[in-house]
């Protein structure tokens, strides 16, 4: 077995004196489609921010691609689609091509310009999410689901091995959600991209991901969706702090 | 009509300056507008007025001529831009509060220095509303240098500026030095305002950065096209505004702004008509 591309060991993080994360241990193997579940305020976004190097944990170590996060510099290997990605100003005059190009800005670096090979990459990324017909359309003229695809293309354009999606389906029409998961499956299976999908929505995620981790300050469960579905209710309520039912969707 | 503009040196200087600011003001203005910082330009122009009043005061009271109002205005504008950035970090939750603070501070300083310099004169009137005869050769050279600085900076940092304008969080996560880029951007804005005020005047200088962009956004597809149309509208407004201002003996600030507003109204109506026809076709 190859070593995991993300290894989190004994990580704790506190805002002031409140622990948001306590002694987290989690490994993500290459090629996984891991759903990270948990209630709002359970520390999901904090964990993501730590993985992206935006927050430094007070305790514990993190390895990304077998390198300690403090020495890690290959950030283009990690794509990130923020929860807030689709809260941008809809009147912003930018075409799909221009929006996706910003995914390469940091890669190309200061004082360098876009070249032909970059333009090809942009077109490929847009093609991968099935939006080629809209390359020159203003982003504000697209539907919410289409915009979400464009933001995924933006994070795919730098060829990441790991794609982190923070609540990507919030604010998307339910009829587009299943199409959206189809795209994620394609990226995972055909393109070999490891996915970490953060959500508070139990139902959809358990029927799509091939691994589930539950986070509420601590990791309460880490295993396959099948085992997760068979968890007794009191286990779940321990995670969520109240009782709830898991609805498994078929796809 | 244009011939007259090239007959006299001062008109020639004005015309060249007009062409330069008609280009850089809407260019930078596109970033200003999409970042929702239109009022920032207003605040900076009022600080510039404070600097101009200071220069006039120094000129009158102490006979200091090397620091002309144009240069002291530019200095105040740049200092004001740095101060706004400081204030924005102090008041993280209310970033827009920096704008009224700087704006009223600028007007306050202006009032003090204007009265210390014994009040209103033609010079000040020209600075407020613009003039076709105010650009000296030295001013023109300064404006040429500012244009070169602005064009170089925008070319070098275009992709970072665009990314920062579209999605600041994403830019920061990707490792773009947002603070440095923003700082460069705001100093450029201050320089463009200082460069434009000889012709458009302090009170109307922000309009040259925002009105052509407002018109352009209605028609353009994408960001680059928005810049292109904004520059075309900016140049049109400046050229027509300068010539008509000269012939009717009106400060060009007024005519340039009214031409920009006319263009804006035309683009809005064109869009309405276009929308009407496409809807009809769809039915």
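Keep in mind that glycine also has a Cβ here, set from the backbone N, Cα and C atoms.
Here is what TrEMBL says about this protein:
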type     : residues  : note
TRANSMEM : B:15-34   : transmembrane segment
TRANSMEM : B:39-58   : transmembrane segment
TRANSMEM : B:64-85   : transmembrane segment
TRANSMEM : B:97-120  : transmembrane segment
TRANSMEM : B:140-158 : transmembrane segment
TRANSMEM : B:170-193 : transmembrane segment
TRANSMEM : B:199-220 : transmembrane segment
TRANSMEM : B:227-248 : transmembrane segment
TRANSMEM : B:254-273 : transmembrane segment
Touch test for the transmembrane segment (B:15-34) and the transmembrane segment (B:199-220), at least 3 Cβ pairs under 8 Å: yes
Contacting positions for the transmembrane segment (B:64-85) when only residues 6+ beyond its ends and CB under 8 Å are counted: 40, 43-45, 47-56, 58, 98-99, 102, 106, 109, 123, 127, 139, 142, 182-183, 186-187, 189-191, 193-195, 197-198
Cβ-Cβ under 8 Å with the transmembrane segment (B:227-248): same-chain residues at least 6 beyond its ends: 1-2, 4-5, 11, 14-15, 18-19, 21-23, 25-27, 29-30, 130, 132, 199, 208, 211-213, 215-216, 219-220, 254-260, 263
